[in-house]
Structures are given as C-alpha cells and as structure tokens.
Amino acid sequence: MRSPIRGLASSDGEEGSARTPLLQSTPRVEAAPACCSARYNLAVLAFFGFFVLYALRVNLSVALVDMVDSNTTLADNRTSKECAEHSAPIKVLHNQTGKRYQWDAETQGWILGSFFYGYIITQIPGGYIASKVGGKLLLGFGILGTAIFTLFTPIAADFGVGALIVLRALEGLGEGVTFPAMHAMWSSWAPPLERSKLLSISYAGAQLGTVISLPLSGIICFYMDWTYVFYLFGIVGIIWFILWIFLVSETPETHKTISHHEKEYILSSLKNQLSSQKSVPWIPMLKSLPLGAIVVAHFSYNWTFYTLLTLLPTYMKEILRFNVQENGLLSALPYFGCWLCMILSGQAADNLRAKWNYSTICVRRVFSLIGMIGPAVFLVAAGFIGCDYSLAVAFLTISTTLGGFCSSGFSINHLDIAPS
C-alpha cells in the first residue's frame, strides 16, 4: 500500500511487493542485543511513565465512590435495587473519616468527564510541540503537571464542583500531550521490525497502571481516607519525572551510554524511513484514506475503552452492588487481561513480520479486527446477563482483554505510514 501522503514512508514498501514486511529499501543490519540496551531501557521507563499516567487518570473513578454520600446517588438511581446486596461482611470496619459530598449522578458525570475536555484539546498541538521541543520534555512535563494537579484534588473538592471540574480539565491538558510525545520519541528510537514490541511494552504500562491503581485506590479508601489516593499517586508521578529527566535522551545520537553498535543499528534501520520534508503536508493528510481509517478506529475503540475506564467502578457499586474494596479489585481485572494481551500481541506481531514474512498491513488489519470485534461482542453480551455477577465480570474481562490486540494494530500504524 503506497502512502498517499507525499514524503511519507509506505507501510509495506512498493505496491508490487505485498509480502514485504517493511520498506524494500530498508537495509537489513544485524540487530543489537535487547538486554540492557538503551532502546529497551527507554521502553521500560516509558512503561512506568504510562503506569503513572493512567494511575493519575483513573484514581478518581474509585475515590469518587467513597467521596459521594451514597444516599444522594440511590435517590436518583432506579436500577440500583434490581441486584441484591451480596458483598460478604468484612471484619475490619470501613474508615469513613473522609469528607462526603452531596453530588448526584449528573454531577458525578460532569466531574468524571471533565478530564477529557482538557485531554482532547492538546492532542494535535502535542504532536506539533513535540516536533519543536522534543518528546522527552513534553512527555515529562505533561505527567509532572498532572501529578501536581492531582495533589490539589482534595482542596479543589472542598472549594466546590466547579473547582474540581476545572482541575480535572487541567489534568487532561497535561495528559493530552503524552501519546503524541511518545510517538515522536519512538520515531527516532524504534527500529522498524521492533516497533510492535517496543511500543507495546511502553503502552502496556497504561494497563498495568490501571490494574494496580484501581484496587490500591479501593484499599486506601477502605482502610485510610480517600484524600490519600491523590497524595500517593501525585508523589509517585513527581518521582518518575525526576528519573525520566536524568535517565532518558531525546535521540540515540545524544544518549551518553548507548553502545556504538546499538546506535548504528537504530540509525541504519531508520535511515530510509524518515522524511526530509520539513513542512506538515496538511492537504495530503486530510485526503489520506489510511490516516482516516486510523482516526475512525481510534475514535471507535476509545469510546468504549474510556467509557469503561471511567464508569466501571460506578457500575460495580451501583448495579452489581460490590463494596469499595471489592470494587477496586474487580474493576482492575479486565485491565490485567488487557495488559497481558498487549505484551503477548506485540511479540506475536513482530514475529509474524520478521520471521514469517507477513506483510505489515496484513498484521495490522488482523490484530485490529480481533481487537475491535471481540470486545464489541462480549460487551454487548454483558448487557443481557442481568445480575449474574460472575458472568458480568467474566464478559467485561474478556472484552477488555481482547482489546489489547489493538496495541499492535491501528494503535501504532501511525509510525508505519509516517515514520518521521
């Protein structure tokens, strides 16, 4: 498939060679060892960065369950009593020293959704800024800003709903630049035949951050106070920023400890992939069918993913009637499956391309189909199972797990059609 964007690399080489996994002109050089390499060290630090990123994003979903006076929600919820209370009695009493707020379901929806109003604003500018100041600083300060705002969440809640909504929108502004910044860095660091593995490792941190932060937030709320959820994760974000600034370099050329062999391997593999065009080809981009397909795929997948990410703890409490401790653990289960699937699918995708000589477009399409259709089937099925708690959790887990295939599908196809 030839890229319709002038000056950008094709994802599969020339049209006459559909089986070629990457550009025909890409020189095959001996791969540098992965163990202790600079590129995999970057992937690990990025992994923890996205771990922190999603921990900062989803902690409010669980904390909000404990911040709100349950009587306020139950008064407006017509379905909350359809499923019987089933949580086993817990010997340790639930700590309820945290302040409670009289926020109805609509208000909670505005609070949870406000993050994305800021998040959407900085997506496109984030890519442009990353090309000017570099992905390292943009990603680092994006997460740092979110971490600092998170520390002020309890104060904003005391000021009122408006202040909390504004604060969450500001957190969204900071997080909106992170994925464009990371893509900009990988355009200089990821050898073509290692893209699926390196990017899957990096972005799998988002799923593991969700897996850890959801139950941990529930435990903190149960035994301590919901305010500590924001203090803990905010401090972790600041610690990660310090490590990121001192240990990461923008490009292989500026890395102080990278081996000569690895540097040559990365630069040689990318030499014929990067475009020399300096201006942004806006018109060809708008006319590009592959780019349009990526945008539609992202919109469709993220609609489901972020709806679940934001509202799953509320569903677990208000409909399935799990207490705050069980809520965090069960809400995390689907994302553990997704994290595992992302790691394995990244390995599988690169093996199919490098060892079995499957074309890049074939691999991206198959993985995207599995990652889109599979979750849709099980999510729709989950709506028809009533109060079967086990089946509800199982279907939601399978749905989110299968979505992990998308990490080696459309999620990284940007770098295939436009490596620079």
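Cβ atoms are placed via backbone N, Cα and C, with glycine included.
Just so you know, TrEMBL annotations never went through curation; they're auto-generated.
The region 'Disordered' annotation in TrEMBL covers 1-24. Here TrEMBL flags 38-56, 110-130, 137-157, 198-220, 226-247, 288-309, 329-346, 366-385, 391-412 as transmembrane segment. Feature annotation from TrEMBL assigns domain 'Major facilitator superfamily (MFS) profile' to 42-420.
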Query = Are the transmembrane segment (288-309) and the transmembrane segment (366-385) close, by which I mean at least 3 Cβ pairs under 8 Å that are 6+ residues apart in sequence?
reply = yes
Reported mean pLDDT - the domain 'Major facilitator superfamily (MFS) profile' (42-420) = 87
Key: the transmembrane segment (391-412) vs the transmembrane segment (198-220): 3 or more CB pairs under 8 Å   = yes
Task = Please figure out which one of 38-56, 110-130, 366-385 racks up the most CB pairs under 8 Å against the transmembrane segment (137-157).
result = 38-56
